[in-house]
Amino acid sequence: MQGLDRHVQELRQRLKFVSIFFLSSTVLAFYFSSNILNWLQNDLGFSLHALTAYEVLYTELMIAFLGGFLLSLPFILFEALAFMKPGLKESEYKAMRNYLPFSVFLFVTGSVFSYNFVVKTSLNFFQATAGSADVAALWGLQNTIGFALRLSAFTGIIFQLPIVSMVLAHAGVLNKDKMVEYRPYFFVGILLVSALATPPDVISQALVTVPVIFLYQISIFLVSRIEET
């Protein structure tokens, strides 16, 4: 019982540190949110309109929360790993610790890739669709920036696939044979998810689906290497 109380106290302490770090990062991101918003508008190349009086503030807060999360992500992962350390084998702890930098790298890579290719391609598709119908599109600030940020973050999360696969392999939950067996189902699943998360054009869906399929194949290779060690 004392051991459980000690873990609960440790969890509370780490959550306190994470909360303080996240709030501080969010405040810092909010300080630069107007500059980031201006950059996004110029980079996307669309004239964005605030359809309500509070839309600019809401969008800046959205940018601040996402920026705060990104800035605090390494600290959050480190604290989570430190809390799990007593329940992990030494080899599992070292493996997960070594994966942390790559996890952050893959998230940032996926988000940047999505913003520069998937988001911009999708918005151009929407613009072309409106133009073909001889309709002048009115781009709402909150909806457009929110779409760009959500899709970028979603892709960054999907790019965690190799890290998740290796962690599960070290835990003995996943192996190469299972990944090969369920590969067709995974491909169908990612096609469905990309169809829901992206506009209904082949280019946008392919820009999400093809990299994820490639990452799945890389994950199979990495899991097989773990099994050989």
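Using the three backbone atoms N, Cα and C, a Cβ is placed for every residue, glycine included.
Under the heading transmembrane segment, TrEMBL lists 20-41, 61-78, 99-118, 147-168, 180-197, 203-223.
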Can you tell me which of 20-41, 180-197, 203-223 gets the most C-beta pairs within less than 8 Å of the transmembrane segment (99-118)?
203-223
Which residues of the same chain, at least 6 past either end of the transmembrane segment (147-168), have a Cβ under 8 Å from a Cβ in it?
40, 44, 62-63, 66, 95-96, 99, 102-103, 106-115, 118-119, 122-123, 174, 179, 197-198, 208, 211-212, 215-216, 218-220, 222-223, 226
Residue list, the transmembrane segment (180-197) vs rest of chain: Cβ under 8 Å, 6 or more residues beyond ends.
151, 154, 205, 208-209, 212-213, 216, 220
